[in-house]
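Per Swiss-Prot, these features apply:
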type	residues	note
REGION	1-25	region 'Disordered'
REPEAT	182-221	repeat 'HEAT 1'
REGION	321-390	region 'Disordered'
COMPBIAS	341-352	compositional bias 'Basic residues'
COMPBIAS	375-390	compositional bias 'Polar residues'
REPEAT	460-498	repeat 'HEAT 2'
REPEAT	523-560	repeat 'HEAT 3'
REPEAT	566-603	repeat 'HEAT 4'
REGION	618-653	region 'Disordered'
COMPBIAS	618-633	compositional bias 'Polar residues'
Amino acid sequence: MAGKVTFLGSNSSFSPDGKTQGFKSASADTSRFVSLSKPQHELDGSAQAQISRCFNKLRSLSPSDSASLKTELNLLFDELISENYSSSNHDNIPPEVVCEILVQASRLVPLSQEHLIIKLCQMIHQLLNQLQIIVDEHTLDVLVSYCSRALRTCSSWTHSEVLLALSSLVYGNGSKCQRYLPDLLGPSGVLVKYGDPKQPDIELRRSAVHCIANLCLSVPSQPYLEEPYKSVCYGILLRTLQSTKPPDVDDIVFCTLLQSALKGMQYFLNGGKWKAVPNQDLGALLAVLKRFMFYGLPGISVEMPQVLYPAPLPQYETIPAVKPEPAQDTPAQKKTAASQQKKRKSRGKGKKGAGEGKQDGEADDVSAAGGGDQSGWSHGSQSSMLTSPSVATPQLYPSWKKCSSDSEFSDPEGGMQSKLRLYQARVRQSSLQCFLAVVKCVEKRILYGYWSSFVPDAPGIGGPPPLTLLTIALKDPLPKVRAGSLQVLSALLEGSRQFLSTAEDTGAPRQAFTPFSATLAASIRELHRGLLLALIAESSCQTLTQVLKCLAHLVSNVPYNRLRPGLLSPLWKQIRPYVRHRDVNVRVSSLTLFGALVSTQAPLPEVQLLLQQPGSASSLGSGISTPQESPLSWRQPARRDEEASSPAAAEGPEGPCWLLQLCVSLVTQPREEPYSDSDAGGSNGAPLEPSPVRLEALQVLAHLVKGYFSLAQASLLELGQLSARCLTEQDPSVQLHGAKLLEELGTGIIQQYRADANTPQSAKRVPVNQVVQFWSEVLGGPLISALQNEHHPTLQTSACDTLSSILPQAFSQLPDKTQVLCITILLGLTYSENSLVKAAAVRALGVYILFPCLREDVMFVADTANAILTALDDRSPNVRAKAAWSLGNLTDTLIVNMQSVGLEFQEDFSDMLLLNMLRSATKASADKDRVKSNAVRALGNLLHFLQPGHLGKPVFEQPLLEAMRALIDTVRGDATMKVRWNACYALGNAFRNQHLPLGSAVWSTEAFSALSCVVTSCKNFKVRIKSAAALSVPATRECYGDSQQFSEVWRSLAQALEHSEETEDFLEYRYCASLRSQLCRALLHLLSLCQPDDLPALGSSVSGQSRPALQALLISHLRDEGLVPSAGADGEEALDHSTPEDGWTLLTDTLTRLKGLLGEPVMDSNEDLESVLSFLQDVVRNFEEMKEAESKESSLVLGKS
């Protein structure tokens, strides 16, 4: 079926005789292929009648050679072509009717009638473009075949129009033209012939390139062009871009050729990920794109290399030799420095009045291109290099840029100059759109090799400035082009955190060479400087929005903790006024930037100081001035952020944070003054800020509370009331952001109470009574209604997360009915039909089960366990993962209760429920890794919790065996390292249960074997550490089984210690000391338990070649004991419940015990015992000598001092 689309040609410009004037590029934001789904409208009566009459007339005609038919067709074609279909809505014209008209017309026009063929092709192009139609397959087949025959048989003077019609036919249909591609793109294809840069006829060449561009367009539901035609198109497009302008070709015509080639390249790149093949060199493509980014840019002339090469060092372009200016331009060059400076700042204020009430449309493009000097370099030290007329060539620095107005031109000359500038700007814009497609389809790690070609690393003082994306953002006279360069820069910066993390300039600069980290840091500083200049100089609201978005991407990815402070302060001061800008998009973007500033690597000391500064207007006066801060641009009567945070109203340094007060006022208070036409939204009566502004302000508040809670805690109750107000509004998005803010407030309080008692953070804790007041007001407000709002499951999910952020100490002081209400609602939501709500409720119960006031309540623990077990069988992997995490927390509670409450809790807890938990955890240990990692943690706790009463029941026998088998298989398996780490920890946890038959059970041999294998062979040192810790858990010799099992464990630990520094991954070395310490503790533990039957294996181990290494490592462990952090000290995993034994005490007690065995009748031979004793005595003696030497050395040092 035929369909309607938004066509490239629909906004193209053509002359009356069919000659193409040029093609306007689609905007950067709008795809050319957009299906229309508009409501039906009444058609213009004359147009509808004309289409209907012409259609009926064509259907009544039959092919013949009569002159009357030719006359009739001429009249019909003239009528159809003369109608301006783009002037009104013609959605009611069925595409099928248009297709039938074109097919019937092609049957009536023989290939011998070339004048009629020209008109038919014009009609095809106009109807399809202006009515925005993609033809169906039948029409495509008929008309493409007709055009192909016409290209083969008709005179060459017709080919330009035929190709133009063909381009409209193949638009969006490239994948359906497979049978015609050999004739079009084969070795002797017509498009290959006419699209070649050597083609002398520029009209044919332009039409062919345009046709190739439309063939490259990929439609999501259809396959892309196949090889070798895909490569043929790329080659033609690239060669077109690399070619020079023929001397006899008009500049505007050449611009339209370039624009078609760039648009085709953009379509090509949108077809899929970039693949490095021999005939597609990324460096060559980037070179031409960079060249056309500056095409016709006033004051810029550059000779670009044919290929850009990836390199960390900057690549410099060469500036051609300067030619003298003509004499008639001398008066314009003699302006004073003061007048030039005044003129350079025109973008800041002068353009405000003219462009106040309209968008940056095409008319604005022309006026902007023909306006005065808008050079963004006016604030930089390099401005004189690019704005001085004496530096650039006459061709690329036209006189319009140097004159005070366009009135010095004659009308025709001025019109052509403006038109040329507009077409050149379109080329620059198309090049940037193409580069944006490159950024999206090429892997970032490859693209970052060309970073220095597009991002500056120095301001260029004393020489030509580097030509980069910032050059366009500051220099280009058209707002759309400036915005395009900022879009590309934003795309480059997005996701660049890992690349930029290597930047560093905190240390002293090196003189011998500049490392890449310093070069990258200089590039980051130059980006801050350049974008700040663009922010100050920009007057277009749309482009200003892009500047702020680009800055937000930059701030979100820069490693400020590795750079010298001072980058954020100038930026902070300049963006504050934009929160009150007249344009809503600017206000939203400025808040987004504030959100990035307070969330990046929080808390940053520099941002902390900026947040504590008073919010008076005087603070804005320091630094670089803001041109837009004028009475015409800003709302003056009620600057709420200034009133709320002024020095008179503020509470001193400890008063409310000015940014917090600003965001609260944006959410709650009505706007006092009208905004620009771009504002939308509001409410009846006193309108609030538009919804996007309020949502972004709430987002900033959430980031501020999360990163800088100490500054927000003074307004805790006020923020709680704000969140409650948001929850009562009708807008679901506002409700959701209000709930999110509540969650961040609760989390901030919990983080304060988790801090050590002796830290500054703990000293400024919110008092518990204030926390109780806060939650009492919140839970007495609309939060409960939000939890019960089944029509808004996303809000329910967020409200569950909010409930889970209540401070345990505060929860226990809430009224009993409030506690019961929270628990009841959460238990009920675990049976919700929405998986997100169910997952959030189960997670919240997993938090509550750790509360001291709830964990000893057997009924609550049982109800929570049943809810978790039900969720553990859910279809959703996310629900099962949250349920497994909660089950791990619940079993942690069982262990705590076993140690604190004792038998009373264990006797009251249901055996059947415990059995179900064991079975469910065993089943979950075979699930996805997200579920498995917590399931094995729960298994370890459950096996630790089992008592003799449970183990004596036959019903527990098989589940116990299956649980142990699951843990052993997980340790040996190929799961993620986190899962295996938890499995090793779980086995060690199970070994702590003295009631388990560890030494005699069938599974004990397999468990020790699995741990012994892991401790010697696992690549991950943290897994090795936990397996060594598990092997050292059993408290008695009987738990290790027979002497063969004991010797296997010993040999594995000794071998692991001897090879503890061998690893394939350099990152594992950070855990090397912890691994050696844990292995030494395990070996000493086994020595303390060894019996005479174990001595042969121990003696052979310590008397061989490994003896010196083992001795040295044990001595080192004894010396450093207590200094080496234990495994898991990075906070990612739970620590062992037991305290490590003192190594020196353990060693000396073992030595004394073994000496007592000498001469005992139980010993058949003292040789093995003497070997072990000799080894231990050497360790003790060498350690004591080392300590004595260290003591003497310390005494000498003290004596000298």
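Even glycines carry a Cβ here, placed using N, Cα and C.
Residue counts for the repeat 'HEAT 1' (182-221) under DSSP (helix as H, G, I; strand as E, B; rest coil) come to 25 helix, 0 strand, 15 coil. Averaged over the repeat 'HEAT 3' (523-560), the predicted model has a pLDDT of 94. For the repeat 'HEAT 3' (523-560), residue counts in helix, strand and coil come to 33 helix, 0 strand, 5 coil, using DSSP. When DSSP labels each residue, the repeat 'HEAT 4' (566-603) comes out as 29 helix, 1 strand, 8 coil, counted as helix, strand and coil in that order. Broken down with DSSP, the repeat 'HEAT 2' (460-498) shows 24 helix, 0 strand, 15 coil.
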